[in-house]
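Single-structure report; data block below.
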Amino acid sequence: MKSTRPFHPTPVITIDGPTASGKGTVAALVAAHLGFHLLDSGALYRLAALASVRYGIAAEDIDALVKLIDDLHITFREGCAQLDGVDVSNDIRAEAVGNRASAIAVHGPVRAALVARQRAFRKTPGLVADGRDMGTVIFPDAVLKVFLTASAEARATRRHKQLMQKGFSANIDDLLRDLRERDARDSNRAAAPLKPAADAKLLDTSALSVDEAVDQVLQWYRALGQPA
C-alpha cells in the first residue's frame, strides 16, 4: 500500500544505525543513485574538531567555535570528507580529533550550531543523511526513515575488514567487545539515544550485500511515489 506521507519539495532520506551497520556506505550509494546531497553527521563533528585545532581555537572558546562551525566549507562524497576542498577523511579519524570532538560537543551552543549545519545540508534535489539521530531529531519530517541493524558479530567482521584494508591491525574479539559496549552506551544515553524512529523502516543487513541493502532502500523510496 502506498504511503500517505506528504511530498516534500526537498526530500530527505535518513539512514540511522549503530557503528559498522553499513549505514555510511548505503547512504553514499543511495545518494549517488538519486543525485542527492550526502550528509555524514558523525564526520561533521570531527570536521569541526579538526578545523578548531587547525585554526587554533580553544575547546572552551564557545563563541569562536560557533562562528567557525557556521563558516565551515564541508563536502561529503562516498568515503570522502572534504574540508575547504581538501580530503581529510584520514585526518578526522585520529584519536586526538575524536577527543577534541567530544570536548567541544559538551557546549550547548556548539551542539546547536552543529544541528543547524546538519539541517542546512537539506538542498534541492534532496538529501541522504546518515547517523544515529537523523530520523528522530535532525530530520523528523524525512520522507523515508531507515534504521539499519546487524548482529554485533557481523559488524565486528566488517569493521575488522575495513581496518585491515586501510593498513591497520585489529583484533576481532576486541572490536566485538568495543561494539557491544558502544551499543549499550548509545542506546541508554539520556540525550538522543540510538533508537529507530517510530515510523522508520528496519533493515537487518547481517546477511545482505551492500547492493541488496541499497536496492531495498530505493524500493521503499519508489513505493512512496518518489522518482528513483
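Even glycines carry a Cβ here, placed using N, Cα and C.
Bear in mind that the values here come from a model prediction, so they are computed numbers and not experimental data.
Here Swiss-Prot flags G17, P18, T19, A20, S21, G22, K23, G24, T25 as ATP binding site, drawing on sequence analysis.
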Neighbourhood of the ATP site (G17, P18, T19, A20, S21, G22, K23, G24, T25): other residues with Cβ within 8 Å of the Cβ centroid, in order? V26, D130, L148, A150, R155, T205
Taking the Cβ of each of the binding-site residues and counting other Cβ atoms inside 10 Å, which one has the highest number: T19, S21, T25? S21
Counting every protein chain shown, other Cβ atoms within 10 Å of the Cβ of K23 (ATP binding site) number 28
